[in-house]
Amino acid sequence: MADFNQIVYVLMPVSLVGAVLNWSSFYSIRKLASFNHSFGVLSANQALADAMHSTVFLLYFCPMVLLDQPTMKHYSHICGYLLLLAYELSVLTHLAISLNRFISVWFPLFYERAFSVRKTKVFIIVLWMYNATSATVLYENFCHFYFDDKIGFLTFSNSDLCSFIGWYGDFLKNCFYVSIVICLDVLTVYGVRRLSKKLQSGMTDAALKKLSSRDRRFLKQTLIQGFVFMLELVTYFVVPTYFTNDWIVFFGTSFAWVTVHVADGLIVIICNPEIRNFLFGSKIKSFQTRGITIHLSSVVAVSSHPPQQRSLFSD
């Protein structure tokens, strides 16, 4: 169990950071009025899925391995189910966000009707129902994603059906989703460049007016997150094929699977100054206010000194 504990010592701080970043992002987006639109609602759902993944990993998987708890290992398939549920919900939300950006650039007039806040919330409810149903059928009824003591990590049950589900129901399905994300993002970038050329030529239209700096930040967030997820998916299934070193395989699979959700939360905070100001702005203002108060009190103290003491500075 020593090697397994070393792995957990690496994954525990990563999952802790992921939980803090994503719960902070989720709370900020829910509180900020500037995110009361379709993209904001989708981003909140994205942060929630990532927060669930990091939290389950932190509060169930890590204690289970560190404590070598047999009861938790017996029910580890529930942990695996929740992790896959959160992961696939995150991937599907990525797809919805990419579609959101694609339509906002190419069909701005239709975007207002298709992606209202109310319709987006209904879509998210449907997304949760679909994902929960498919995950329950695949990963609870037909197959288990459980902790295996031999490898020290979660894996699918050893059967032909589970091999089929792991390959087609997990890997190829998520590859398909992420491939669509990449295609939509490429087309969206092309649309942005097309609009930029119109701007340079002095042309204006409804789509061009919609392309604000905030829209560009949202697009940047979508592109980076899509790239990170694609990279994680490729390394998870490619690295074990070409490498045999345990630590290389670990960082290319288990570590990448946990870290991708940390990266999601970090990207959201980096790409959105409103969230950074909400989380850290009050502390900065408080610090600045204290600095001003000290400075003013120093001025008052100097002004109360006798004239001959002030003359020392003037000389």
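Quick reminder: no glycine exception, Cβ is built from N, Cα and C everywhere.
Just so you know, TrEMBL annotations are computer predictions that nobody has curated.
Annotated transmembrane segment per TrEMBL: 7-27 (among others), in sequence order. Cβ atoms under 8 Å from those of the transmembrane segment (7-27) belong to residues 43-44, 47-48, 50-51, 53-55, 57-58, 61-62, 65-66, 152-153, 250, 254-255, 258-259, 261-262, 264-266, 268-269, 275, 279 of the same chain, restricted to positions at least 6 beyond its ends.
TrEMBL lists 18-239 with the feature domain 'G-protein coupled receptors family 1 profile'.
Residues or ranges marked as transmembrane segment in TrEMBL: 79-102 (among others).
Summarising the annotation, TrEMBL assigns transmembrane segment to 122-139 (among others). Listed as Cβ neighbours of the transmembrane segment (122-139) (distance under 8 Å, sequence separation of 6 or more from its ends, same chain) are residues 41-42, 45, 77, 80-81, 84-85, 88-89, 92-93, 96, 145, 165, 169.
The annotation transmembrane segment is assigned in TrEMBL to 175-192 (among others). Under 8 Å from some Cβ of the transmembrane segment (175-192) lie the Cβ atoms of residues 91-92, 94-95, 98-99, 101-102, 105-106, 211, 216, 219, 222-223, 226, 229-230, 233, all in the same chain and six or more residues away from its ends.
Residues annotated as transmembrane segment in TrEMBL: 223-243 (among others).
If you look up TrEMBL, you'll see 249-271 (among others) marked as transmembrane segment.
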